[in-house]
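In what follows, a single structure is set out as structure tokens and then discussed.
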Number of protein chains: 2
Amino acid sequence: MSERSQETDAFADVCNQLRNHAYKLTPQRQTILKIFLEQGSGHLSAEEIYQLVKPHYPDIGLATIYRTLDILADLGILQKNDFGDGRSRYEFSRRDEHHHHHLICLRCGSVSEFDDDLLESLETMIAKRNKFKVVDHVLKFYGYCSKCQEELKRDV
Amino acid sequence: MSERSQETDAFADVCNQLRNHAYKLTPQRQTILKIFLEQGSGHLSAEEIYQLVKPHYPDIGLATIYRTLDILADLGILQKNDFGDGRSRYEFSRRDEHHHHHLICLRCGSVSEFDDDLLESLETMIAKRNKFKVVDHVLKFYGYCSKCQEELKRDV
DNA sequence: TTGATTGCAAAATATTTGCACGTCA
DNA sequence: TGACGTGCAAATATTTTGCAATCAA
């Protein structure tokens, strides 16, 4: 199966999810979705999505972007992240994907991803010890990416 | 040693840290610090701190609160947290304390804490595998606290 | 047809900044 | 004394909301 048809499948899949929840399938929502599918693994802010959508749909309003992102995040189609730069950042979260987390570079601000499996045992333990029912977790590592480590070595 | 003198020690300690970094020890800064020492383990927002400080120092401005919190967080005296409610929340971080993380209740918004030690091996692995130099990490579990679990059982 | 959705503008919220004045060291 | 710190008000930045018009189902 080609990459293209995988994308198409994901698109159809999300459209169905919207319909199942009685949300209407407006061209604005479709355009926003396509942006995420094209971007692959970006961490986009509302403003960035707005700029990317505008060429395809010039009349769209920023409020629609926010409202759509809210819905898609509620449905679990997008993951809403906070990387500490004062705005929320969204990424497409494929259903079959492992839960992944982020490595955030304190120097250049780049965000990369890593998978976790090891966290699950910790999660179980926490739940028992604190009588807390865990439904989600967020793990972020702050530090320096390899590129910045090189540059710091060179400059200082 | 009494609780009172422990507090006093911590206060003197922070004052020294400020002096060492050539920051002036203004009454505003001292008042803000005392609030944190009195609060113990609260997760306070700038606005909340403002309200708590005002009775002790009525003329203080909100901007001073923000500026002071910035400095104290930079020095590692306070920990700046984001619990997803749209404002930053600060807590006093005692130097000898284990790194701790948060359990955030999705129903009532309460935040409790837990210690981690197990995360360190994961951190080492991540660093090796991704050539990323980790200097800090944040781990948050979202779910339902025991009180809300009870109430959900009863109501639904 | 009709309730959901949209664009726009205004509002709300949190935080930052410019500046004249005050004060800690 | 003099650089640092402060209060105030205004500016920013992000996100939310009210509303009349529009559109998907």
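Backbone N, Cα and C define each Cβ position, glycine as well.
Taken from TrEMBL as is:
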type	residues	note
BINDING	B:H99, B:E120, B:H137	Fe cation binding site
BINDING	B:C105, B:C108, B:C145, B:C148	Zn(2+) binding site
- prompt: When neighbour density is defined as the number of other C-beta atoms within 10 angstroms of a residue's C-beta, which of the binding-site residues B:C108, B:H137, B:C145, B:C148 has the lowest density?
  reply: B:C108
- prompt: What residues, ordered by sequence, lie under 8 A Cβ-to-Cβ from B:C105 (Zn(2+) binding site) and sit at least six positions away in the same chain?
  reply: B:V111, B:G143, B:Y144, B:C145, B:C148
Query: Cα distance, B:C108 (Zn(2+) binding site) to B:E120 (Fe cation binding site), nearest Å?
result: 30
Message: Quick test of understanding: given the binding-site residues B:E120, B:H137, B:C145, name the ones whose C-beta is under 8 angstroms from chain A.
response: B:H137, B:C145
Message: Quick check: with B:C105, B:C108, B:C145, B:C148 left out, which same-chain residues have Cβ atoms within 8 Å of the centroid of the Zn(2+) site Cβ atoms?
response: B:L106, B:R107, B:G109, B:S110, B:Y144, B:S146, B:K147, B:Q149
- request: Could you tally the C-beta atoms, other than its own, that fall within 10 angstroms of the C-beta of B:E120 (Fe cation binding site)?
  value: 12
- prompt: Rounded to an integer, what is the Cα-Cα distance in Å between B:C108 (Zn(2+) binding site) and B:H137 (Fe cation binding site)?
  reply: 25
Statement: Three-class DSSP assignment, B:E120 (Fe cation binding site), comes back as helix
